[in-house]
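Copied over from TrEMBL:
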| type | residues | note |
| --- | --- | --- |
| COMPBIAS | 229-246 | compositional bias 'Polar residues' |
| COMPBIAS | 1112-1124 | compositional bias 'Polar residues' |
| COMPBIAS | 1157-1171 | compositional bias 'Polar residues' |
| DOMAIN | 29-124 | domain 'Ig-like' |
| DOMAIN | 128-223 | domain 'Ig-like' |
| DOMAIN | 251-344 | domain 'Ig-like' |
| DOMAIN | 347-433 | domain 'Ig-like' |
| DOMAIN | 439-526 | domain 'Ig-like' |
| DOMAIN | 531-623 | domain 'Ig-like' |
| DOMAIN | 630-725 | domain 'Fibronectin type-III' |
| DOMAIN | 730-823 | domain 'Fibronectin type-III' |
| DOMAIN | 825-930 | domain 'Fibronectin type-III' |
| DOMAIN | 934-1031 | domain 'Fibronectin type-III' |
| REGION | 229-248 | region 'Disordered' |
| REGION | 709-733 | region 'Disordered' |
| REGION | 1094-1126 | region 'Disordered' |
| REGION | 1152-1171 | region 'Disordered' |
| SIGNAL | 1-24 | signal peptide |
| TRANSMEM | 1045-1066 | transmembrane segment |
Amino acid sequence: MEPLLPGRGLIVSLIFFLLKFSTAIEIPPSVQQVPTIIKQSKVQVAFPFDDYFQIECEAKGNPEPTFSWTKDGNPFYFTDHRIITSNNSGTFRIPNEGHISHFQGKYRCFASNKLGIAMSEEIEFIVPSVPKFPKEKIDPLEVEEGDPIVLPCNPPKGLPPLHIYWMNIELEHIEQDERVYMSQKGDLYFANVEEKDSRNDYCCFAAFPRLRTIVQKMPMKLTVNSLKHANDSSSSTEIGSKANSIKQRKPKLLLPPTESGSESSITILKGETLLLECFAEGLPTPQVDWNKIGGDLPKGRETKENYGKTLKIENVSYQDKGNYRCTASNFLGTATHDFHVIVEEPPRWTKKPQSAVYSTGSNGILLCEAEGEPQPTIKWRVNGSPIDNHPFAGDVVFPREISFTNLQPNHTAVYQCEASNVHGTILANANIDVVDVRPLIQTEDGENYATVVGYSAFLHCEFFASPEAVVSWQKVEEVKPLEGRQYHIYENGTLQINRTTEEDAGSYSCWVENAIGKTAVTANLDIRNATKLRVSPKNPRIPKLHMLELHCESKCDSHLKNSLKLSWSKDGEAFEINGTEDGRIIIDGANLTISNVTLEDQGIYCCSAHTALDSAADITQVTVLDVPDPPENLHLSERQNRSVRLTWEAGADHNSNISEYIVEFEGNKEEPGRWEELTRVQGKKTTVILPLAPFVSYQFRVIAVNEVGRSQPSQPSDHHETPPAAPDRNPQNIRVQASQPKEMIIKWEPLKSMEQNGPGLEYRVTWKPQGAPVEWEEETVTNHTLRVMTPAVYAPYDVKVQAINQLGSGPDPQSVTLYSGEDYPDTAPVIHGVDVINSTLVKVTWSTIPKDRVHGRLKGYQINWWKTKSLLDGRTHPKEVNILRFSGQRNSGMVPSLDAFSEFHLTVLAYNSKGAGPESEPYIFQTPEGVPEQPTFLKVIKVDKDTATLSWGLPKKLNGNLTGYLLQYQIINDTYEIGELNDINITTPSKPSWHLSNLSATTKYKFYLRACTSQGCGKPITEESSTLGEGKYAGLYDDISTQGWFIGLMCAIALLTLVLLTVCFVKRNRGGKYSVKEKEDLHPDPEIQSVKDETFGEYSDSDEKPLKGSLRSLNRDMQPTESADSLVEYGEGDHGLFSEDGSFIGAYAGSKEKGSVESNGSSTATFPLRA
């Protein structure tokens, strides 16, 4: 099936079928017919390097044709035993053996059977001879300087083309120029010789490329006698002048030669290249020019070569005929020659006789017309012989046509038409077959076709019939022939179904009928779904240098998937299969990826799908965005003292509208070359009035902005200078820098260069005590700081700062209040008391100091404290001062993170911006006992089937006198159920171990151990372990030291047993088969609830999580913990430990006090949430 493709495919298919209908009817081989030559040689050259030479002639016919040959018009028989022939073929070979020159000639092939004789065109067989220059003695040539001369080449004849070169014996080309020229025949011309032309090795080389042969003429010697040696007694100047006057002459043509006269004729064939050459001798060397008499040289096809000596016109037409003139000239005169160009043409067919099939009794006509220059003559032949010798009854013969009437079967023959003129002969065979036969359908029966919905389908039914036949089509299941605009039957029997639908699928019958009979074949048509495409994204807009990704989604009929091929193109040009070599464009089937997109990537991208039956395409318009081009042609107008109008032209926006323009200026004297933004303008405007400052030399530039980004800045505008003026503003941010007592160092922000408005900028500073009835003091400075001495410490002053320059003062300044320098506070607060809140927290109260003793702005109070000794062991501690500050005016504060059961010293002082005042007298206080920390470790050192021995370490901090331990344990087998909690009070604090008995065998336990003081018990430390099985390892660890000689053996067994136990219980010991979280969820710390209630508790154990069940309190014998401390009054000074509501927000880190003794290890203290 050849489906109809859309667009171009439709046109191609229609042309194909129309051509098929218009060509001569092809007679099936089974039908008797005259011979037809289907292959023949043209010109055959016997190249010496070929093994054989084949002259071809092939023909078809029924009966099988026989072959004969003529050579130069005479019969040619294959009598030479070297000739090799082929069966059922006219082709023969001539081996390249011995002499074959006698085979040269013009051959013609005749193919004949009982119905007629076909005749080939003439086949020329050329046996070239080996070209050679004749052996000759060439006499040396001697001429005087300035004379003309011609060195003849006279190349031998040979198979064209011929290329001629003039070289020396070293194979170096003889240089040609305006003075020296080689003609088309190969002769070397000199318009006037020079002394440098003397040499004895002028060699002419003739090259015959088709023969792969180059031959050389014998070298020629040329001697040029210089005129300056003619008279040795004369000076060179005299000789030169004399030579010039003697040798100078007007041009004389050497080509064409003088004997041809002033004009000559040249015949050229149409379509060939015309070469006219003209060369003149003379001194100075003549220049050659060309023109066409009565017309112009053909533009585009004419060139002048070889320094104008050759006129070349390519592809000559009849319009090129006429007279051409060459003119050679120098300052002494001219010489001309006219070429009369005649354009002729070999014969060519205008109406070539066509073969035809006729039925008995019909009429016909053969046309034969040819053109050429001169006009060709027409000759008719029948079966290879002149028609006059073998006329048929009813034939009417004219020079350009033959008409037939009432044709009969014996009228079957081959007619030859031969057109010839002086430039060649052309021959055409036309078969006249008179046949009567029932239709023969040449298309196979049961052919399967397929097409796509909406496309046209073509079902073939090629046939041969004589007389003419009628073709009809119908669906197999229907009797009525197909009719309507949807169907079209071509002359060759092909059925076209337009705009097919699924209902058109099925089997069809083709019937062909003539007067002799009728024949039919069937054809099957399948209808497929059309291929569909969708390219995404649609019409993307992508910034330059980004990545573009296009996807081509396709959908086609399942029968066509194997033939589906996708391809990509841009603006009609296809991409390579895999993209570009540099990898920037990658094509992976349905995906097209372009990295680093450039503006050249913008365009229409098309994805095309091709299947065996149809094609589809979809496009997307890719728009590449880029920053705009810089604005251009900046122009300043409307120039004023404080403004100017700036106008510009917009650059290309690169597919993204310009949203705004940024106008920048340069003119800051302090930072020359630095561009600053002045204003912004909406993207639709290209002009703006710019506000300007005085005393600035401005230059402007503009930057365009779109959605992609900013353009490069434009070229700067012209300069625009504004005149000076008084300042428009005064300094800002007037302040006092840290000063010594009774002084003010006044500082302010100086005016920037663009704010000074003129030369000679200074600052006028005025001040007076606030509220005092005194005159303002004044001082003018050039910098932006002033030191003023005052009689009082930390006294308020009214201060003004005004800018002035050479053109005047700035506006009246606003007054600001500043204070003179501070001094340290000179008195200390008095501590009223220290209230102990609990073992780690105390509240300190004190009296505030008078305002006049602060000598500045009070910032707050500072508490210093240090531990002097432990009440547990009585040991003294080196002084390590801790500091806590409280901002603002207050008389109390909380001191946390104290060690329990210890003695402390504490002082309070006030501080201001200058620094800290004197400390109060130390206040001594003691902290009570607290609960201990958890023991440092807990280990199960022995285990048996019903006993276990535990060992532990003392807590790091006892926080009081240790009264004993609370040991608790419970069963925690690997289930959600847990056993009852058992308590053991250990009242011997010095004993670091305990032996438990009456445990259950093969049972896992969790143990809890707490250290206790009179204030209660601390946080527990936990451990888990399992008892041994019944009777398996009973007594393994029981008093091993009493086993005597058996101890060594028992140790070995014990080690092996430990390994086995480790393997067996690896998932039942700590970190075993359940995860930490699962274990915590299963066996939580029963103390967790009480720990939650302790405000300052900081202990956290990953083993302690809430139970998935209820436990009785582990605190039933424990005293309640101390109440939570209120932190509302804790320090809130520089370190910001607490938020405004007093909640703790970070670990306290105090600074060293100035007076602390650093040599004894004084350091900053850090307190946890709970001691």
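Each residue, glycine too, has its Cβ placed from N, Cα and C.
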Proximity of the domain 'Ig-like' (439-526) to the domain 'Fibronectin type-III' (630-725), 3+ C-beta pairs under 8 angstroms: no
Secondary structure tally of the region 'Disordered' (709-733) (DSSP, helix then strand then coil): 0 helix, 5 strand, 20 coil
Mean per-residue pLDDT computed across the domain 'Ig-like' (128-223): 93
Helix, strand and coil totals (DSSP H, G, I; E, B; other) for the domain 'Ig-like' (128-223): 6 helix, 37 strand, 53 coil
